Ligand SMILES: Nc1ncnc2c1ncn2[C@@H]1O[C@H](COP(=O)(O)OP(=O)(O)OP(=O)(O)O)[C@@H](O)[C@H]1O
Ligand SMILES: [Mg+2]
């Protein structure tokens with residue numbers, strides 16, 4: 001078992017794309033770590049760099065304290081599961097699972113016994129003599145996992161291993177993968193662009209954008225206190241409400257309403273400073289009657305989400321036209337379309353961001369406190 | 001859509017003649033096909049049957065047997081199989097096919113295709129252009145180039161290797177024509193293998209790399225199983241082409257002392273130089289049989305893979 005440490009890692013592709021841009025990251029031993037971010041932010045590149053499939057152009061990679069930056073992929077003691085599973089189509093499932101052991105020169109009976117044992121653990125018992133083409137998507141995925149497990153690596157790397165499964169199977173595989181990782185206790189890095197997956201499975205997660213990490217934390221931290229408007233808009237099954245606001249002494253003017261300024265934010269904002277008011281739809285309630293702290297609007301859309309509904313209020317805006325505020329309402333309380341409503345945010349759930357750099361109010365400003373890392377990039 | 005397509009034939013056809021898609025009727029349809037059939041008969045079937053017949057006679061280019069050939073049964077075949085020159089020629093052909101097609105063209109072609117994937121685009125373009133050039137030049141031109149290259153007194157090869165006065169075509173006639181044919185034909189294998197290699201999923205190669213497989217192990221366990229069909233197709237085509245290749249005649253004319261007299265050259269020498277058309281024809285038919293056997297073996301191997 002081993003921890004992973006990345007020090008100022010840079011991967012610049014020929015042609016000048018900096019897919020990983022001076023990244024520092026430590027992943028603890030046995031941790032299930034999710035890398036989340038929009039398409040093209042460098043998740044795959046980062047994972048492949050850890051694997052050794054890409055040669056990094058700067059920085060260091062340490063696994064279990066050993067610098068592996070210059071080592072070949074095969075010498076790093078890492079197993080990777082690809083999005084397409086990469087099972088060898090001409091080998092049986094048994095031979096596929098035993099393949100890493102065969103490369104390590106383990107004898108045939110021994111490695112077959114090992115493969116069978118692993119397959120049993122992943123409920124692939126009856127499928128050992130089939131070829132990958134004769135398996136369902138979920139079985140293929142488990143066969144690929146079994147191959148990774150069979151060689152007892154120090155680190156697992158998964159690049160969107162669930163994205164080829166249908167929605168229902170994906171939920172099953174999620175639970176399965178999580179339990180497997182907990183049982184084995186192997187340090188795992190998991191790439192996904194599905195934030196629900198990251199929230200559900202990881203011990204800690206990182207949100208990436210443009211080759212850098214924008215926030216690291218437990219899923220709860222990231223969900224409840226996104227560090228920036230970027231993360232806030234990215235995380236959550238329904239996007240967070242982000243509304244322009246202005247500080248006015250100890251009040252906050254937002255969407256035609258005046259709210260008390262949260263006490264914690266008080267010392268960090270200047271009078272008249274432009275801010276962004278943020279509240280999750282799940283942390284807001286819809287009222288039919290006027291509320292002093294409610295944002296008033298007209299119900300435009302009601303979307304059924306199963307347990308409840310997502311209501312979009314059209315709020316007549318200032319200069320930039322109408323804005324939309326979304327609120328979830330419990331089952332049976334859906335309002336009429338076109339009716340008036342007041343959205344009230346739970347005060348302890350409201351977050352304030354600076355309008356200029358999009359960071360949380362009260363956080364260190366980049367360039368002010370600690371030096372900006374890898375500033376050479378821009 | 002479904003309404004405008006013609007109804008299935010068993011649903012009471014409107015006209016008796018309209019069983020074909022174009023609605024021409026049998027007579028008119030035949031009229032369209034007849035010219036093609038006549039041409040095929042004249043230029044393909046008749047010569048084939050004629051060859052079959054000639055192989056059973058003592059037909060000669062000149063003399064009495066040219067005017068009045070006699071039926072000799074299987075004599076030509078018996079003679080050929082007992083003729084040390086024929087057997088020698090068969091052996092040389094085998095060497096030629098294995099040396100220049102199986103080993104030369106396909107291995108060199110594979111190595112080129114695999115290597116060119118990793119080099120910069122410009123280098124790849126230049127190398128591919130040269131290899132292709134060797135392929136598209138007419139054999140006569142290429143043969144002349146090689147004669148010039150291998151010339152005893154002012155040849156480029158002797159100048160490069162520092163072996164003045166070396167008569168390559170006399171000392172190593174087989175090696176010379178093997179190298180010549182490899183040089184000339186590698187492009188085909190290279191192109192076929194580059195296409196095949198593109199079809200190998202990168203993630204499978206990377207999985208092999210991740211578990212520490214060496215270059216050779218990746219080739220054996222990942223690349224080769226994927227391109228096996230391509231390899232067989234390639235081998236089939238180039239062995240047939242090489243087996244029937246006459247171009248070496250342009251370089252060594254089968255000599256010296258028949259030391260590079262491969263079968264196509266042997267047929268030519270027997271039939272045209274010695275005038276024994278009947279004997280030459282019999283050998284052509286033997287070659288045809290060998291071609292068939294080769295093709296059947298390869299196709300068997302291919303089918304085995306599919307099932
Ligand atoms: N081989 C390459 N050569 C040049 N640029 C590349 C290469 N591979 C990726 N990139 C670029 O690097 C950036 C990061 O790509 P990467 O594949 O790591 O993104 P990703 O976060 O995995 O995206 P996705 O969620 O779509 O898989 C992108 O801008 C991409 O265009
Ligand atoms: Mg990716």
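Placed from the backbone N, Cα and C atoms, the Cβ positions cover glycine too.
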Per TrEMBL record, range annotated transmembrane segment [choices B:210-230, B:231-251]: B:231-251
Chain residues outside the transmembrane segment (B:90-114) and at least six past its termini with a C-beta under 8 angstroms from it: 127, 131, 174, 177-182, 185-194, 196-197, 231, 234-235, 238-239, 241-243, 245, 248, 259-263
Tertiary contacts of the transmembrane segment (B:277-299) (same chain, 6+ residues out, Cβ under 8 Å): 51-52, 54-61, 65, 69, 72, 76-77, 79-80, 86, 232-233, 235-236, 239-240, 243-244, 263-264, 266-268, 270-271
Sequence-remote partners of the transmembrane segment (B:161-183) [C-beta within less than 8 Å, at least six residues beyond its ends]: 92, 95-96, 99-101, 104-105, 108, 134, 142-143, 146-147, 150, 152-153, 155, 242, 245, 247-248, 251-252, 255-256, 259-260, 262
